[in-house]
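The next block holds one structure in the form of structure tokens; read it before the comments.
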Amino acid sequence: SLFQLGKMILQETGKNPAASYGAYGCNCGVLGRGKPKDATDRCCYVHKCCKKKLTGCDPKKDRYSYSWKDKTIVCGENNPCLKELCECDKAVAICLRENLNTYNKKYRYHLKPFCKKADPC
């Protein structure tokens with residue numbers, strides 16, 4: 001669910017997920033689409049592609065189980081789609097943490113109409 005994704009992002013980056021990534025670049029947030037502006041935006045692009053491959057669950061609403069052990073996200077789910085959704089969310093949270101040094105405040109509220117068409121997933 002979006003709540004769980006936000007919690008993972010907060011745990012990994014220490015940033016408020018809605019304020020920091022809700023409208024970042026061309027791909028972060030609900031309306032995201034377009035050629036990534038930087039490494040952080042690319043994390044969101046890859047995340048959208050990851051979620052597009054899912055079948056049998058709703059990435060926005062369906063909840064999955066995961067735990068936070070030794071500062072590591074551990075997905076624990078028997079349902080294959082929910083396990084994959086958890087892994088997609090885990091990957092983007094880690095990617096955002098790994099690219100904190102390239103986070104650019106000028107892309108925090110980037111206007112989506114200015115985004116160029118992205119390559120298909």
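Cβ atoms here come from the backbone N, Cα and C positions, even for glycine.
Swiss-Prot lists Cys26-Cys115, Cys28-Cys44, Cys43-Cys95, Cys49-Cys121, Cys50-Cys88, Cys57-Cys81, Cys75-Cys86 with the feature disulfide bond, giving experimental evidence as the kind of evidence. The feature site 'Important residue of the cationic membrane-docking site (MDoS)' is assigned by Swiss-Prot to Lys105, Arg108. Taken from Swiss-Prot, the feature site 'Hydrophobic membrane-disruption site (MDiS)' covers Leu111, Phe114, and the record attributes it to experimental evidence. What Swiss-Prot lists as site 'Cationic membrane-docking site (MDoS)' is Lys112, Lys117, and the listing cites experimental evidence.
Contacts of Arg108 (site 'Important residue of the cationic membrane-docking site (MDoS)') defined by a Cβ separation under 8 A and a same-chain sequence distance of 6+ are given as Ala19, Ser20, Ala23, Tyr24, in order along the sequence.
Reduced to three states, the DSSP call for Cys75 (disulfide bond) is strand. The Cβ neighbour count for Cys43 (disulfide bond), using a 10 Å radius over every protein chain in view, is 25. In the three-state DSSP assignment, the secondary structure recorded for Cys49 (disulfide bond) is helix. Counting only same-chain residues six or more apart in sequence, the Cβ atoms lying under 8 angstroms from the Cβ of Lys117 (site 'Cationic membrane-docking site (MDoS)') belong to Gly34, Lys35.
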